[in-house]
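Student: Below you will find the structure I want to go over with you.
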Amino acid sequence: MSAKDTPAPQAAEPGRAQPVEVPGGGHWWRRLLAFAGPGYLVAVGYMDPGNWATDVAGGAQLGYLLLSVILLSSLMAMLLQALSARLGIASGLDLAQACRERYSPSTCRLLWLACETAIIACDLAEVIGTAIALKLLFGLPLAWGALLCVGDALLVLVLIGRGQRPLEAFVVALLTLIFACFAVQLLLSRPELGEVLQGFLPSPRVLSDPAALYLAIGIVGATVMPHNLYLHSSLVQSRAYPRSLAGKRKALRWAVADSSLALTLALLVNAAILIVAASVFHRNGHTEVVDIEQAHALLSPLLGLELASLLFAVALLASGLNSTVTTTLAGQIVMEGFLRLRLAPWARRLLTRGVAVLPVLLVTLLYGEDGTARLLIFSQVILSMQLPLAVIPLLQFVSDRRLMGPLAIGAGTRWLAWAVALAIVGLNLQLLADFAFG
């Protein structure tokens with residue numbers, strides 16, 4: 001094997017862990033397992049507490065209508081994450097580094113601020129979700145739960161210090177727990193299969209009904225995470241694959257398989273949350289359920305089993321713990337890529353978590369605990385508004401043959417990707433128009 005075909009000794013991995021070795025031969029599943037991991041770290045962002053809020057509200061208020069939005073946004077996410085992986089593997093740069101190389105310093109600062117805003121919005125959702133889970137499980141007041149969330153910097157520090165594989169194993173274990181909890185709740189709720197299948201078909205009502213559109217954009221914002229595009233383009237480089245063209249092509253195939261499988265799991269979980277909300281709340285006339293606490297309180301009485309509410313709270317806590325790991329990694333990648341500034345993981349965690357906790361405490365003090373439900377959904381709309389500022393640079397870079405070489409995307413993929421970008425921009429413009437003109 002020539003020098004250019006040997007695996008790179010260093011990988012652009014945020015925690016500076018040793019690259020994960022990839023077997024050169026043997027069964028295909030050994031190579032898939034070697035590449036499995038980054039996709040599941042990315043999938044965490046698609047199952048965070050923000051998704052729960054929009055899915056619960058959407059299912060309770062509109063029944064199965066928004067299942068089509070979950071499906072379409074998940075397919076959009078699979079495409080965009082595949083392009084993010086392509087950028088990292090083909091160029092050896094993550095999205096933030098590519099922006100720094102190709103854009104002016106002022107543009108990079110603007111993009112960095114937009115991405116940090118998205119990370120804080122995501123962190124805000126995690127603080128609220130984790131605080132609610134602590135309240136549901138242990139009776140802690142929401143404000144105290146939010147303050148305790150600052151201490152998760154220790155958890156992140158321990159996990160990152162263990163290396164890439166233990167970190168990925170922790171995340172996959174919690175994802176499995178979340179999936180199992182909702183699989184049981186789905187069985188208990190006994191949804192109407194015909195209505196569920198009908199919900200996966202797109203309906204014009206999503207665009208014509210302002211309430212449906214608001215929740216739909218929240219689902220898009222909760223599903224297609226802007227900071228995940230930065231995260232994935234870095235994490236795929238944590239594998240020690242040959243940096244030759246043939247090696248990159250194989251790595252890209254395995255990376256896309258990894259992320260597509262992980263995002264399929266996320267699709268199933270998000271659909272299950274909405275289906276449970278629709279079949280338990282909407283079907284029984286409880287269309288006013290707009291937050292996670294209401295959902296928890298009503299699950300057991302309506303289903304007749306205390307287990308349903310317990311599983312709901314456990315899965316919510318697992319979701320919040322998982323998300324805190326990936327937002328820390330994404331924050332490191334973004335800050336180092338755009339600004340060449342690197343903070344210790346615990347310092348980075350305390351900084352963003354501290355900023356996210358303040359609005360939760362303020363809203364709780366001014367409007368009570370009910371105000372946090374609307375804050376949670378609003379955070380997902382903020383995420384959606386930041387999406388174009390991550391998606392458009394990504395599409396520019398993966399189309400650039402000078403940067404990507406033979407791995408630049410073809411015309412068909414380019415047209416499809418830009419159609420997705422235009423759809424995201426169009427949804428955001430429609431939302432702004434609804435806000436401006438009532």
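From the backbone N, Cα and C atoms, a Cβ is placed for every residue, glycine too.
Below are the features I grabbed from Swiss-Prot:
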REGION    1-20  region 'Disordered'
TRANSMEM  60-80  transmembrane segment
TRANSMEM  118-138  transmembrane segment
TRANSMEM  140-160  transmembrane segment
TRANSMEM  169-189  transmembrane segment
TRANSMEM  211-231  transmembrane segment
TRANSMEM  261-281  transmembrane segment
TRANSMEM  297-317  transmembrane segment
TRANSMEM  350-370  transmembrane segment
TRANSMEM  375-395  transmembrane segment
TRANSMEM  415-435  transmembrane segment
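Give me the local environment of each listed feature.
Tutor: Proximity of distant same-chain residues to the transmembrane segment (60-80), defined by a Cβ-Cβ separation under 8 Å and at least 6 residues beyond the stretch ends, is recorded for 46, 191, 195-196, 198-203, 205-206, 211-212, 215-216, 219-220, 223-224, 229, 259-260, 263-264, 266-267, 270-271, 274-275, 277-278, 281-283, 286-290, 295, 391, 394, 416-417, 420, 423-424.
Packing against the transmembrane segment (261-281) from elsewhere in the chain are residues 36, 39-40, 42-43, 46-47, 51-52, 55-60, 62-64, 66-67, 70-71, 74, 77-78, 81, 175, 178-179, 182-183, 185-186, 189-192, 195-196, 199, 219, 223, 287, 289, 295, 298-299, 302-303: each is 6 or more residues past its ends and has a CB under 8 Å from a CB in it.
Same-chain residues lying 6+ beyond the ends of the transmembrane segment (375-395) with a Cβ under 8 Å from its Cβ atoms: 49-51, 53-54, 57, 80, 83-84, 87, 95, 98-99, 102-103, 110-111, 114-115, 117-118, 121-122, 124-125, 128-129, 214-215, 217-222, 224-227, 229-230, 290-292, 359-360, 363, 414, 417-418, 420-421, 424-425, 427-428, 431.
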Student: Can you say which of 118-138, 140-160, 211-231, 297-317, 350-370 has the most Cβ pairs under 8 Å with the transmembrane segment (169-189)?
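Tutor: It is 297-317 that shares the most Cβ pairs under 8 Å with the transmembrane segment (169-189).
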Student: Would the transmembrane segment (350-370) count as touching the transmembrane segment (211-231), i.e. at least 3 C-beta pairs under 8 angstroms with sequence separation of 6+?
Tutor: no
